[in-house]
Amino acid sequence: MAHPEDRTRKALAAAGLESISDRFHALSFETNKPDAREFFDLNSPVSPLPTRPLSTVTPSSSSSSSGSSITAKLVPNAAAAAAAGGGRKPEVGIAGRRSHSGELLLGSNDTGLGTIDGRTTRPGHRRSGSGPLIYSGTSVGASAGVSAGSSTASSPLTNVLPAGNICPSGRISKTGMMSRNAARSDVLGSGTGNYGHGSIVRGGTSGAGSGKPPGCELAVGNAGDPAVRRAMASTDPEEVKRVGNEQYKRGHFADALRLYDRAIAMCPDNAACHSNRAAALTGLKRLVEAVKECEQAVRLDPAYGRAHQRLASLLIRLGQVDDARRHLLLAGSQPNPVELQKLQAVERHLGRCADARKIGDWKSALRESDAGIAAGADSSSLLLASRAEALLRLHQLEEAELAISNASKLESSSSSCSNTKFVGMLSNSFVHFVRAQVEMALGRFENAVSAAERAKQIDPGNLEVTAMLNNVRSVAQARALGNELFNSGKFAEACLAYGEGLKYDPSNPVLYCNRAACRSKLGQWEKSIEDCNEAVRIQPNYTKALLRRAASNSKLERWAEAVRDYEILRQELPGNTEVAEALFHAQVALRTSRGEEVSNMKFGGEVEEITGAEQFQAAITLPGVSVVHFMASLNQNCSQITPFVNALCTRYPSLNFLKVDVNENPAVARAENVRIVPTFKIYKNGTRVKEMICPSQQVLEYSVKHYGF
């Protein structure tokens, strides 16, 4: 029986056409043909493409509730056309317009949400065939924790070569008239997996029904597939490309990338190869590299519409709206409306963010930064840096550090992004500009100087960057001098040095805290507290400032204020025995100042064993918190949790830990209505506040911390 490819080849020969494979081999040694593309491009997982009207294909379609089919007619006598064209081999398509080798070209009346080199797709329509598909949805799967939407289909998909399909050369005769493969159904991905929004995945192999998180196979890839190994060893670009396409369609982006690298090594000047590689990189969330591949594709073929479209979509995600608009307009006569709307939304939020920054409205700046990220710029280092600056000004230093760290990871080094400006500053310079501020607030002055110098190097003419660099250097020098003087015991001079640094950065919590340390050494308790107040105002959970303020309040015998700070510190540093002991002594002093009984208060020690009802009542009525463990010596559960209770006693020495053996003290057990062991009861100043029966270690410690501080 003749192979289907042989029949296809004969049919094309009878019609005066060469097969795609024959055409490719005929060109294998003719490299100086910029208009010949022997590789199909992948549909972008980033964005749909506009339909291009192509009149050389006459589609005959029928539509019903069960499905649809399309039959394409190829332009006849390609060899004759080549001769007439001065030796240049024409491709399938309309006169004066190039198309990709092996493409299926649809008529101008066929429109859809996504296209791939003139092919269209209609989500929700049934299609005939058996080969796997790639469908590019109308919205982008988000990264950095931001979602941009999803796509769904109302009916199962079959193969009629819709948008995003990759047609292996020599096999474009697979149309909707072919039989459906029922053994392996294709389903439209929900968009929740990491394989890329709108991807087609094999039924039963991914998603909720597979027992694995969606896209979990992507990290591993399919390197063990014999087809991948054979393709990597092959010298036939067609075979390498075909297997690469298959791996992409399965969501194995790492293996697809390896195969496209192999294809590029054989055909380095093929624009479609670079665009395909960009699609694989996008699937791996390596967006900056994907941008570079798209840039290479449009350098090789400036009229390559889909590469411009893919590049525009990537640049929108990176927040580079000016360059994105340029490529979106170059992608075709009619910009894709979805991407255009997304670009306009991101641009609008960037403008509002800049306006809010100018007037110091940091809450609005934060809101607009978040809105821009949600609108589509989910990988924008510029918006993340703007968010970090707003958080810093709102005294949310930990969140600011996280945001600028993410921005630095996403910082774009692509040449197309280097001229984008924000608030008059080059975007990459702005990222380093904000990083310098965050590093300085965290007390990492050397890192701050490096970041400010980098910002200056990128944008040497910006006055705001220059002023920041000078300030950072001055603050770093003042802090270094102050530390040197403090370590030498020259506390008054150190105090002046830190004050000099505060002239350049009046919102630096580290300098305030360091000056507070100098003033406490000089016995200036009030001034020390004032500096600590400023430091805590800027950074609310600054433990060093809280410790110094509590110590200074203790020196002034302001026990209530000292206890308040030590209680905060106990929650922040639960395992710190020095803080626990300081809290205990402050509590004793506070109760003494109020005339309360403190003779029975003790710090630390072992779990106290109760031997009678009177001792029990006396113990639980002591000032403070008492944790009572009702247990039985021969009970297995009690034996298992007892070592943990002993550890808690050591960990929280300011609390009273008691144990009652219910077999030896049945009267106490009856009075407290204890019937199951282990049972724990927490008392505060003689009043029971919590009871737990057979708690886990996590629940017990949480309750001890919650009611103990």
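Glycine is no exception: its Cβ is also placed from the backbone N, Cα and C atoms.
Lifted from TrEMBL, the feature list:
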- 52-70: compositional bias 'Low complexity' (COMPBIAS)
- 613-697: domain 'Thioredoxin' (DOMAIN)
- 38-70: region 'Disordered' (REGION)
- 85-136: region 'Disordered' (REGION)
- 237-270: repeat 'TPR' (REPEAT)
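Secondary structure of the domain 'Thioredoxin' (613-697) per DSSP (helix as H, G, I; strand as E, B; remaining residues coil): 31 helix, 26 strand, 28 coil.
When pLDDT is averaged over the domain 'Thioredoxin' (613-697), the result is 91. Sorting each residue of the repeat 'TPR' (237-270) by its DSSP state yields 27 helix, 0 strand, 7 coil.
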